[in-house]
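According to TrEMBL:
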- 86-145: domain 'Potassium channel' (DOMAIN)
- 171-251: domain 'Potassium channel' (DOMAIN)
- 12-31: transmembrane segment (TRANSMEM)
- 118-138: transmembrane segment (TRANSMEM)
- 168-189: transmembrane segment (TRANSMEM)
- 201-219: transmembrane segment (TRANSMEM)
- 231-250: transmembrane segment (TRANSMEM)
Amino acid sequence: KAMCSGRLQTASLVAGYFVYLLVGAAVFQALERTAERQEKMAAAQMKEAFLQNFTQLTVAEMEQFMKNLIEAIQNGVYPVGNESQFEESNWDFSNSFFFAGTVVSTIGYGTLHPKTAGGQIFCVFFALFGIPLNIVFLHRVGKMLSLLCKKLGKFLYEKGMRKKKIKFLTLLFFLATGILVFLCLPSVFFQITEGWSYSEGIYFAFITLSTIGFGDYVVGKQSDRKYFSYYRVLVAIWILFGLAWIALLFNL
């Protein structure tokens, strides 16, 4: 009964955690998408006006254009290519879910952030409750993985192995497995999908899972590459379980 109750609690926690992220993603999308579209249209008009009059601009007007361009880029608006590119949103559901995941995991790349008053206030409360929920989720997943460690240790103990050696081999096994699953293999995936070098993929994976999150490398942000649907959702899930693996290593 205790085991069934524990499994039910774990299943409820995991389900509740992902529902929380899904709801957060939907709210961020609803609050930010319209404002972003208006910002993109303004950037497109600014670009068009510049192309029509750039030979007649004064130094002051040119500097103002550069300031506006830098501000647009900092807000995630890249006025390059034709107008069809402005239809693609930084706040579609995949990107919104990815953003929600980076908020509760405290990575915070800084390349995507809410700009409306409603989005910023919601982000405060979403993080206020989401960060503790994320800690509980990681602890529970780490606890589940610890049970696998105990089973492996029990198996080795029954084979006549000493306890100190069992502890060392268990740690080594989960360290090597985690490095392969959460660092080495994803880096190959990022190399193919993003066009990065393998070393850049390793660098991104480590900076992300360590929650340093510089923001110099972020997935799904290159305008000249085609990404499959829900690419960033999969990356967000990889991040969450990668953080659980790191939590397990600390427990071990």
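Just so you know, the numbers here start at 1 and follow the chain as drawn.
In case you wondered, yes, glycine gets a Cβ from its N, Cα and C as well.
When DSSP labels each residue, the domain 'Potassium channel' (86-145) comes out as 43 helix, 0 strand, 17 coil, counted as helix, strand and coil in that order.
Against the transmembrane segment (12-31), stretch 118-138 shows more Cβ pairs under 8 Å than any other of 118-138, 201-219, 231-250. Across the domain 'Potassium channel' (171-251), the DSSP tally of helix, strand and coil residues reads 57 helix, 0 strand, 24 coil. In the predicted model, residues of the domain 'Potassium channel' (86-145) average a pLDDT of 90.
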